[in-house]
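Database features, via Swiss-Prot:
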type: ACT_SITE; residues: Tyr74; note: active site, proton donor
type: BINDING; residues: Gly233, Val234, Leu235, Gly236, Arg237, Gly238, Gln239, Phe240, Arg241, Ser242, Ala243; note: NADP(+) binding site
Amino acid sequence: MVLPTAPEPPTLLGYHRILSSSAGVRVSPLCLGTMSFGNGWKGVMGECDQATSFNMLDTFYESGGNFIDVANFYQGGDSERWVGEWMAQRQNRDEIVLSTKYTMGYTMFGPQKIKSNYQGNHTKSLRLSVKASLQKLQTDYIDLLYVHMWDFTTSVEEVMRSLNHLVANGKVLYLGVSDTPAWLVVKCNAFARANGLTPFSVYQGHWSCAFRDFERDILPMCESEGMGLAPWGVLGRGQFRSAEDFSREGRKMGPQDEKHRRLGEKLDQMAQQKNTKATSIAQAYVMHKAPYVFPVIGGRKVEHLKENIEALGLVLSEEEIREIDDAEPFDVGFPMNFLFETPTQSYRTNMTSKDIWQLSCNTRLETVPKQQPIEPFQGAKYFGSASK
């Protein structure tokens with residue numbers, strides 16, 4: 001007997017992927033960021049009321065998305081509360097892969113008189129934060145819990161033992177880390193593996209064609225550690241526009257610097273050739289550079305979310321990736337520039353030992369290529385279905 005194939009997803013967002021080689025949970029290729037959902041920060045970020053937030057969540061979910069990112073700190077807790085209310089009303093909690101974070105001072109505007117232990121990486125902060133997050137999210141478990149940032153006061157041993165306790169008790173399924181130096185992540189994972197504890201499976205941080213620091217240590221570290229990548233800031237936070245377009249009225253996170261102007265012109269040029277948007281090129285860029293990349297896409301407008309979903313079908317050639325790389329100089333720094341760069345060769349993330357010029361003196365080495373990312377439409381082609 002042959003079982004029927006699952007129905008065709010409504011969009012490319014419904015072709016799910018493995019989160020990382022160390023985390024087998026299935027997630028949509030985009031992660032919906034919810035930092036704008038709430039009233040707590042509307043004076044800074046602009047208004048995104050509950051109806052608008054629910055509309056964004058509904059659009060994402062109905063399009064096949066199941067990967068949603070929140071944090072205890074966002075909007076004074078509104079983001080977690082609203083996502084929790086939405087899941088309760090839609091009765092879809094177990095369909096969602098939900099990530100949240102701890103470490104930030106989430107009680108900043110709370111009634112507590114002494115707030116020193118409501119932040120940090122330590123065990124008490126973790127216990128208080130997770131207890132509060134579970135209540136706000138109206139759930140009894142968190143799929144993916146991130147260390148939001150490293151506090152440089154709590155030991156590796158305390159962090160990993162405390163996190164593993166939550167996993168062992170079923171309150172957390174997978175562990176992630178955000179905004180933390182690569183050497184610390186490797187140290188944490190080495191301690192976890194040596195002691196039978198749960199290591200980090202995902203890294204979240206700032207990465208875009210304008211901010212490529214990720215490519216120095218974080219990206220190689222994730223490849224080596226078997227970790228997925230959930231980059232934020234991929235779309236340039238409204239900065240990836242031509243100078244003319246940026247000068248028009250609209251919400252801006254700040255003035256456009258020269259780097260973003262140059263990249264905006266390059267992305268806009270490519271977008272016109274492909275009949276798409278500059279932000280779509282920016283999204284495709286990071287998803288073409290490494291496997292297990294799940295951009296955290298936020299915002300307040302459904303039409304922008306739909307553009308992000310459509311961009312999953314955008315194909316960039318290796319030459320186009322190089323054009324974007326070369327549009328703005330990037331210094332990978334020592335030792336990678338010493339090992340891989342020459343007057344005629346710039347560092348690329350897909351380089352292997354055959355590209356180390358010092359080792360080519362004695363032999364012409366053949367090496368296995370690095371693992372490649374999933375190609376756009378790969379699932380649709382395999383199952384013989386047309387994209388939507």
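Every residue, even glycine, has its Cβ placed from backbone N, Cα and C.
Less than 8 angstroms from the CB of Gly233 (NADP(+) binding site) sit His206, Trp207, Ser208, Phe211, each of them six or more residues away in the same chain.
The number of other CB atoms found within 10 A of the CB of Arg237 (NADP(+) binding site), across every protein chain shown, is 16. Counting every protein chain shown, the Cβ of Gln239 (NADP(+) binding site) has 23 other Cβ atoms within 10 Å. Tyr74 (active site, proton donor) is 17 Å away from Arg237 (NADP(+) binding site) when you measure Cα to Cα. In the structure as shown, the Cβ atom of Tyr74 (active site, proton donor) sits within 10 Å of 26 other Cβ atoms. The 10 Å shell around the Cβ of Leu235 (NADP(+) binding site) contains 26 further Cβ atoms across the protein chains shown. The two recorded residues, Tyr74 (active site, proton donor) and Leu235 (NADP(+) binding site), show a Cα separation of 20 Å. The secondary structure of Tyr74 (active site, proton donor), as reduced to three states from DSSP, is helical.
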